[in-house]
Amino acid sequence: MGLEEELLRIAKKLEKMVSRKKTEGALDLLKKLNSCQMSIQLLQTTRIGVAVNGVRKHCSDKEVVSLAKVLIKNWKRLLDSPRTTKGEREEREKAKKEKGLGCSDWKPEAGLSPPRKKGGGEPKTRRDSVDSRSSTTSSPKRPSLERSNSSKSKVETPTTPSSPSTPTFAPAVCLLAPCYLTGDSVRDKCVEMLSAALKAEDNFKDYGVNCDKLASEIEDHIYQELKSTDMKYRNRVRSRISNLKDPRNPGLRRNVLSGAISPELIAKMTAEEMASDELRELRNAMTQEAIREHQMAKTGGTTTDLLRCSKCKKKNCTYNQVQTRSADEPMTTFVLCNECGNRWKFC
């Protein structure tokens, strides 16, 4: 069995362990990987780094996590090594454009180029078909047109649905570096959207922060708290995204990028805590107005200090007695606390 086949087999085993949340035996597989002579081409073709990173994030065994970190660090150093040969560098650049496998020098624009080429290539194909129909009388020009059409069809073959660089697949791979992938499509998409929210304005570059890494940490804290990707998880992520992208609340995004608000804190903050100062003041004003209206709406009654409010524990109350049942039944007493506006009744 070749080294590439062995790495593919190990990667499949690690992915199954992560999906089943059973990582027994992962240490032995990582030790095998540590003894393998790794190359850039093997890292790109087998995607072993994604599998090892998934084990690192989901395994609770400290020894396994430590060895996984060492492997990822060594492989990153291999990718960034200036001593790689010219051929390897060319292969690496080509692979990054097609599959988005680069981690340190990764750029999202390269992954978005295939859809633009496809969109721009369709009008040319239609014009060529019109030219070919109009030139049926001139037989010498037909072979050249056929050759050009065949060459263009060869160029367009990578964009077929069976190709790995289809428009629907390429952005999903290229928008997020492999070292931040979780192996779960829902979680990966949430990390992408959180990263986009952090990059909502161009000034994010002034903070010198890796937005993909920061978004991955925020998502990981949310997932570790909720332990699933159900509707509660999605609503939590959605509220972070809407508040980070809110142009009327730039202070929140600025505090997250500068580190004043940690990823763990932003993952647990409530909507009231994430709100801007202006919105907080508006909410407080509306609350006070509602309390005043509630207190003004009270009807006349008898003030007494014999009844204690169960909410504020004070004895400043007003009560009314009304016959709500038959005449031989006791009257119902309606009580209003003059301090906090709490209402209750008893017979």
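Note that Cβ sites are derived from N, Cα and C of the backbone, with glycine treated the same way.
Per Swiss-Prot, the residue from the list S81, S113 bearing the note phosphoserine is S113. The zinc finger annotation in Swiss-Prot falls on one of the ranges 223-263, 305-345, namely 305-345. Summarised as a single figure, the pLDDT of the domain 'TFIIS N-terminal' (5-82) averages 82.
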